[in-house]
Amino acid sequence: METESGNQKNVMEEESTEKKKEVEKKKRSRVKQVLADIAKQVDFWFGDANLHKDRFLREQIEKSRDGYVDISLLVSFNKMKKLTTDGKLIARALRSSAVVELDLEGTRIRRKKPLGERPKDEDERTVYVELLPKNVNHSWIERVFGKCGNVVYISIPHYKSTGDPKGFAFVEFETKEQAAKAIEFLNNPPEEAPRKPGIFPKTVKNKPIPALRVVEEKKKKKKKKGRMKKEDNVQAKEENMDTTNTSISKMKRSRPTSEGSDIESTEPQKQSSKKKKKRDRVEASSLPEVRTGKRKRSSSEDAESLGPRSKVKKIIQKDIIKEPSEASKENRDIEISTEEEKDTGDLKDSSLLKTKRKHKKKHKERHKMGEEVIPLRVLSKSEWMDLKKEYLALQKASMASLKKTISQIKSESEMETDGGVPQKTGMKNEKTNSEECPTQEKVNATGPQFVSGVIVKIISTEPLPGRKQVRDTLAAISEVLYVDLLEGDTECHARFKTPEDAQAVINAYTEISKKHCWKLEILSGDHEQRYWQKILVDRQAKLNQPREKKRGTEKLITKAEKIRLAKTQQASKHIRFSEYD
């Protein structure tokens, strides 16, 4: 009994130790991969290829006397945040680094070797890639181009506003030979791609034009549909050919049987109905079971079709007796062959499954050279620079022509305004314009002039609707110059042209109160003066706001857009003829 209890205790202890080990295994975090990723990222940041392009990090190194950079700076980078935010873990990962070294405290790092001059063959080692997928990233490009050599630097331009990639990238290799290899192996543009390389995306205010994307997608869909239709047509033709072949063979087989049936149909009608029924039953039972007997029957019928009718009947009965035995033999042979095929097929399937399992254990995204053909266009950077020069020259020429057309449109519009009016009326208009212009300029310079009894205060128990809705409800009664309202406010002010207009709105309070629960009152006294001061202060603040200076191409494009909008507005206007015209 004691031995049994001792054995049970040992078993229990072993189980508890196993459970503890399992718990420890679960608790253990996978740090090796994280350490390797941290070391790789920091080595890249402090490498020659990156520091020659990364101005911020280079300046941080130059600022410090010893060339040390604090690890806390690296933790602030987004890519490092994804890996870790622990400075000690970063220091641990960089102990065995070949590029950087730690200080004695383990809180700062620096390059082991000083940064040299920028290499001159950088452009020759760099490759330009276009027709990239929409959600492309550095790891994808490194995986694809890493087959051709050691990728040192990858640059993927993005739109500033949206953050989407522009569809092209630059890949820098360690040697010129590797870059040439990438151009040779990975330059496989699809048939749909434009003949001339070089993507210079069309943008409006540094944003991709969505309409162009939609058009491109529609074109791609149409092409796909066309291909599918062609494939369907080819398949349909093949099927038709197969059906015609089968029908021809059937026709060949059915000719003798039809002749036999003709002979049978020519029999006199003196035969009794009982014999006919028996014959029909026998034929119906024999036909579905066996198809192979048709040839023998047809051949016998062909041979003896000219003989007497009684002989034909005897031959048919003999064939019917022979057919089942032949069919049973054939069925046995077929069953044996199918069993053999099944055995061989099972063996093949099992071997294939084993090989698939082995492949799945490895990384799924590994690709060997030549296995997949990625539709990319790859050029040397020097070729791309030549294309860029051509593009800039074309842009310059187009902008010059646009400038000329804008100046011509302006001169034509001035000629129309001056030449279209008679001289006498023109003189009067000049005087009136000269009188009106200074007054308008004064109003614009000083802002709205103080007029008492023009401002109406609107108070609501609930947040007021949008400015447009308030304006529309008031404009139905009288002309509104301005509505001072912020979203979610329960109070607002409306400025009218004359005190009579404001009074008309107050008089129509009953009509407004039916639709909206508003309280209306005209401002007067100190409240009115304070509000007018507020108007002037707000106006001055608006004028003092910094404006974006548009120069060069942007300035020209904005001018052209304004002219286009003005023309469209003129075209959309209704031409109204008077009764006497």
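Keep in mind that glycine also has a Cβ here, set from the backbone N, Cα and C atoms.
Now, the feature entries from Swiss-Prot:
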- 1-28: region 'Disordered' (REGION)
- Met1: N-acetylmethionine (MOD_RES)
- 1-10: compositional bias 'Polar residues' (COMPBIAS)
- 28-122: domain 'HTH La-type RNA-binding' (DOMAIN)
- 188-368: region 'Disordered' (REGION)
- 219-228: compositional bias 'Basic residues' (COMPBIAS)
- Lys237: SUMO2 cross-link (CROSSLNK)
- Ser258: phosphoserine (MOD_RES)
- Ser261: phosphoserine (MOD_RES)
- Ser273: phosphoserine (MOD_RES)
- Ser298: phosphoserine (MOD_RES)
- Ser299: phosphoserine (MOD_RES)
- Ser300: phosphoserine (MOD_RES)
- Ser337: phosphoserine (MOD_RES)
- Ser351: phosphoserine (MOD_RES)
- 354-367: compositional bias 'Basic residues' (COMPBIAS)
- 410-440: region 'Disordered' (REGION)
- Lys410: SUMO2 cross-link (CROSSLNK)
Handout entry: Other CB atoms within 10 A, centred on Lys410 (SUMO2 cross-link)
Key = 12
Problem - the domain 'HTH La-type RNA-binding' (28-122) - residue tally per DSSP class, helix then strand then coil - result: 45 helix, 9 strand, 41 coil
Fill in the blank from the handout: Here the mean pLDDT of the domain 'HTH La-type RNA-binding' (28-122) is 87
Practice task
May I ask you to report the DSSP-based helix, strand or coil state of Lys410 (SUMO2 cross-link)?
Solution key: helix
